[in-house]
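Colleague: Annotations for this protein, taken from Swiss-Prot, read as follows:
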type	residues	note
BINDING	GLY121, ASN182, VAL183, VAL184, GLU185, PHE186, LYS187, ARG188, ASP250	(6S)-NADPHX binding site
BINDING	218-222, 240-249	ATP binding site
DOMAIN	11-335	domain 'YjeF C-terminal'
MOD_RES	SER6	phosphoserine
REGION	224-246	region 'Disordered'
Amino acid sequence: MLAELSHRELIKLAQKRCIPPLLPKFHKGQSGGRVCIIGGCEDYTGAPYFSANATALMGCDLTHVICEYNAGTVIKSYTPNLMVHPYLRMSNTKLDVDMDEQRKKINSLLDRIHVVVIGPGLGRDPLMLKSIKDIIRYILEKHEGKIPLVIDADGLFLVTQDSEVKEMLKSYPKGRVILTPNVVEFKRLCDAIGKKGDSHSEMGSLIAQELNCIVVEKGQSDKIFSPDSEKDMLTNSEEGSNKRVGGQGDTLTGAISCMLAFSRAMYDFKICEQEEKGESSNDKPLKNWVDYAMLSCYAGCTITRECSRLGFKAKGRAMQTTDLNDRVGEVFAKLFG
């Protein structure tokens, strides 16, 4: 059981079981995976960038961003390393555009993606939220929910407000949906499921079990709740920073999504044998996808916390999101080689 392992043991296990090796035989997208961040609107362009940039710096082979039309050029200007698709529209968009055609473009891209992040910089425009609902439905119906979803920010707002979305998430395979609420969003989720627990941990487990998902509650310690049992909860108390910057949660979604893409390469696609990672056949594998996903979330939390610690050490109160986000690559290398 993962909850019985120490921090060092969990990180070592993630390195051995979740992260595929880089081998000459692998083609582009096979080892590092393909991740898509869905978010970004006229008012919020930084959040999807920080999530996508963290994913890319983690080693993702191909990182896409699907955003609202007005956010596209801005996000593209930040870096040439991301593929940015301005396919979403807000309700007040005056462009003459065929939304069915835009939906086809989105679905065509999703068919090639291994992990989807929903929410960074999304906003709460009704047409944007409807597009997200359509995406959640499409992945469930076309791909049987096998493409993991990492849902944050206004994606969580949609979950709390739309009962049909909640029902769809319940139909995804266990552990294929990861929710990453902060303390306020966690309370909203508690209210949305209409259940009460005797303790904070029990409430986290109730949310995870009710929605058939993994819940990563961000806080002084990050708590990762399993859809299986309260006993399976993981707690990450590694040192971070005393300053919280906007965008730290976006860095976390990027780190988690890339770890999930790595885990899919190992668990779903089985791209290499144990011997290719230098492992013994006597090594016990993780039991199932939920174990891989829980461990991926733990690793993502560790990376984000260490980036935050280093950023704060270097800049103190002046630390900005870029000061931690740009450290993702070096921290990943330090932890996992």
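Cβ from N, Cα, C; glycine included.
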Colleague: Give me the mean pLDDT over the domain 'YjeF C-terminal' (11-335), rounded to a whole number.
Modeller: 95
Colleague: Write out how many residues of the region 'Disordered' (224-246) are helix, how many strand and how many coil, based on DSSP.
Modeller: 3 helix, 5 strand, 15 coil
Colleague: Return the maximum Cα to Cα distance in Å (whole number) over the record's (6S)-NADPHX-binding residues: GLY121, ASN182, VAL183, VAL184, GLU185, PHE186, LYS187, ARG188, ASP250.
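Modeller: Farthest Cα pair among residues binding (6S)-NADPHX: 20 Å.
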Colleague: If you measure ASP250 ((6S)-NADPHX binding site) to SER241 (ATP binding site) at Cα, how many Å is it?
Modeller: 16
Colleague: Please classify the secondary structure at ASP222 (ATP binding site) using three-state DSSP.
Modeller: strand
Colleague: If you skip the near sequence neighbours and keep only those at least six away, which residues in the chain come within under 8 angstroms of GLY121 ((6S)-NADPHX binding site), Cβ to Cβ?
Modeller: GLY39, GLY40, CYS41, ASP43, TYR44, THR45, GLY46, ALA47, PRO48, CYS67, ALA71, ALA153, ASP250
Colleague: Name the secondary structure element type, per DSSP in three states, that contains GLY247 (ATP binding site).
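Modeller: Once the DSSP labels are grouped into three classes, GLY247 (ATP binding site) ends up as coil.
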Colleague: Using other CB atoms within 10 angstroms as the count, which residue among the binding-site residues VAL183, VAL245 scores least?
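Modeller: Each of the binding-site residues VAL183, VAL245 was scored; lowest Cβ tally within 10 Å is VAL183.
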Colleague: Near ASP250 ((6S)-NADPHX binding site), how many other Cβ atoms are within 10 Å of its Cβ?
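Modeller: Around ASP250 ((6S)-NADPHX binding site), other Cβ atoms within 10 Å: 31.
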Colleague: Could you give the Cα-Cα distance between GLU185 ((6S)-NADPHX binding site) and GLY247 (ATP binding site), in whole Å?
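Modeller: Taking the Cα atoms only, GLU185 ((6S)-NADPHX binding site) lies 16 Å from GLY247 (ATP binding site).
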Colleague: How big is the gap, in Å, between the Cα of LYS243 (ATP binding site) and that of VAL183 ((6S)-NADPHX binding site), rounded to a whole number?
Modeller: 16
Colleague: Quick check for the class: what is the C-alpha distance, in angstrom and rounded, between LYS218 (ATP binding site) and LYS187 ((6S)-NADPHX binding site)?
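Modeller: Cα-Cα distance, LYS218 (ATP binding site) to LYS187 ((6S)-NADPHX binding site): 12 Å.
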Colleague: If you measure ASP222 (ATP binding site) to the residue listed as 'phosphoserine' at Cα, how many Å is it?
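Modeller: Cα-Cα distance, ASP222 (ATP binding site) to the residue listed as 'phosphoserine': 15 Å.
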Colleague: Could you state the whole-number distance in Å separating the C-alpha atoms of VAL245 (ATP binding site) and SER6 (phosphoserine)?
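Modeller: Per the Cα atoms, VAL245 (ATP binding site) and SER6 (phosphoserine) stand 28 Å apart.
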